[in-house]
């Protein structure tokens, strides 16, 4: 298979291309020839919908997998959290690469922690789960939906403060220019009078003029002009200046890995949220590559990309999610972590407003983790998770 080109489908978003690029790099390191094929999905066309709503329909996955099943491409790269627990019969998850940090982060312009956000602060999120977790942890905060990809959401967060600073600097610059004009007119008038006075002490006059200039410079509020200030902004901040969001957000909650992969992690203030209190989405931080079950590319992909530990962890998470039956309809977090002979698995199921919660952390036997995962989910359903999920389905 190494001599045959592998056609790999991906979405065309910045994040998707970066994710696919990681897979391509690994395959090419193994001397495989790879062609990346961009495919537009329903999720790319519907730009005014929340990601949580798009997830209900498999909007980011279906078009890519259709290309695989039709033989147009050999395989497709997905974010594991977007992949439905029921995969078409003709497809197989051929490989699950090493998972990156699955944690969520609180994003603010200045690095404020969740505990320190003032009551009434507006927190934006595109996820039902994240919204419910924030409300459960900090009931006094106002959780609002936010649309767009990773970069768009960050720009919406930064835009209002940047606009205010731009206004402040523009007004100060106008005032300084007006003051300079008045001083110039006053100086011209004084010079006209002094020109007609005999025996004028020229040196004293020049000294006084210099003093006037120093007073004007010292009264300037900003060292930079508005143009110089704008030019000093980062590309992210300059792009944010072009946005005029309907809602002003004080913070966002989003996946750390999305910020990392788009190169934005170090351009904003973040607080990494504990995976114990803010349990991530099933498969968060992981990628997967799907292929036709009968394709000879399956072994090639598995040999080059498979990370066994990640496969076990995300499989345990997906078994719990499938047994719960919530999918993207209800606020559900599931996070599994291999620890020796056990798999520590944390589950949270919330009401949409975060006021009710059913959850548990349990050690699953690595030898029978799928069975244990089903039992964990069944126990949670019996303890009220089923009712929360049904309520969410009714409200959807």
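Placed from the backbone N, Cα and C atoms, the Cβ positions cover glycine too.
The region 'Disordered' annotation in Swiss-Prot covers 159-224.
What Swiss-Prot records for 159-245 is region 'Insert'.
According to Swiss-Prot, the feature compositional bias 'Basic and acidic residues' maps to 162-189. Across the compositional bias 'Basic and acidic residues' (162-189), the DSSP tally of helix, strand and coil residues reads 28 helix, 0 strand, 0 coil.
According to Swiss-Prot, the compositional bias 'Acidic residues' annotation covers 200-215.
Its Cβ placed at the centre, residue 328 (S-(dipyrrolylmethanemethyl)cysteine) has 25 other Cβ atoms within 10 Å. Summarising the annotation, Swiss-Prot assigns S-(dipyrrolylmethanemethyl)cysteine to 328 and lists similarity to another entry as the type of evidence.
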